[in-house]
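Engineer: Questions regarding the structure given below will be posed in turn.
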Amino acid sequence: MTSEARNITHTVNDFILLGFPCRWEIQVFLFSIFLVIYILTLLGNMAIVCAVRWDHRLHTPMYILLANFSFLEICYINSDVPNMLANFLSKTKTISFARCLLQLYFFFSLGTTECLFLSIMAYDRFLAICRPLRYPTVMTSKFYSSLVVFCWVYGFLWFLIPVILITQLPFCGPNTIDDFLCDLGPLLALASSCVPIPGTVLTCGTMSSLLIFATFFYILGSYTLVLRSVMQVPSATGRNKAFSTCSSHLAVVFLFYGSVMMTYVSPGSGQAEGMQKSTTLFYSVLTPFFNPMIYSLRNKEMKDALKKVLGGF
């Protein structure tokens, strides 16, 4: 147990996830809405994975990375939405201490992996547009496979230290979390009601901010160079094709990072009531839902491949 918590005993065995408190009829209505979003998200991202797998024209680094990203989104939405759906219909809305920390770990590890995937997808576009002659020799199947493995492994290692620190915090009551998942900010707030935990809050905030800002500014830097190169392309057709690819990725980046920064740059800092819940809902549920539409909307090759996949059912 940490020095911050050595004199406090751990007495909380489960937490209550309030979710979206409202009348039973509205709970059922929200359950129906989010169930539809959940199913459509799974189908949309699975369609992209299948399209890349079955269409040999899409066996390029850009689309293979996109397929891996879509698979990541399937895992990501499964880390929180099934439990949220179950809580809509639950009377107790409880989650055990162990399951809560397990959800926290997978949710943040998958979120970290998503930041890393968005970074290597930006690097892929930088190489393809700014260094086209070097692209085939650099972005080999061995290299991009290594990048994919790096994202998954590093993503699940990065958040180990904060989770270990949180397991040692003194949760002595209350045990009510005003959220639909076991999130970092509410858990730190509950622990700090027992004893001051400035060291843990600083560590979690620093690691979250470091990851978010490092990957975000790397992506912005990459796309600044990409857009500068695109503007120098003499062909209008070539510029439009490059813009369509880059704009899709940038749309996902701003949707994801905009809401993430509002939530995790300063966890446990006491955001406005309901604000953290709304931003978490946006990037953890709605962004994976929009991703298949964003990536296929302006991409003719992907739309053609998806038509073949959907036409086969």
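Including glycine, each Cβ sits where the backbone N, Cα and C put it.
Summarising the annotation, TrEMBL assigns transmembrane segment to 28-54, 60-79, 100-123, 143-168, 210-230, 242-260, 280-297. Residues annotated as domain 'G-protein coupled receptors family 1 profile' in TrEMBL: 44-295.
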Engineer: Would you kindly check 28-54, 100-123, 143-168 and say which stretch has the most C-beta pairs under 8 angstroms to the transmembrane segment (210-230)?
Structural biologist: 100-123
Engineer: Restricting to the same chain and to residues at least six past its boundaries, which positions have a Cβ under 8 Å from a Cβ of the transmembrane segment (60-79)?
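Structural biologist: Residues packing against the transmembrane segment (60-79) from afar: 38, 41-42, 45-46, 48-49, 51-53, 103, 106-107, 110-111, 113-114, 117-118, 120-121, 124-125, 128, 139, 144, 147-148, 245, 284-285, 288-289, 291-292, 295, 301-302.
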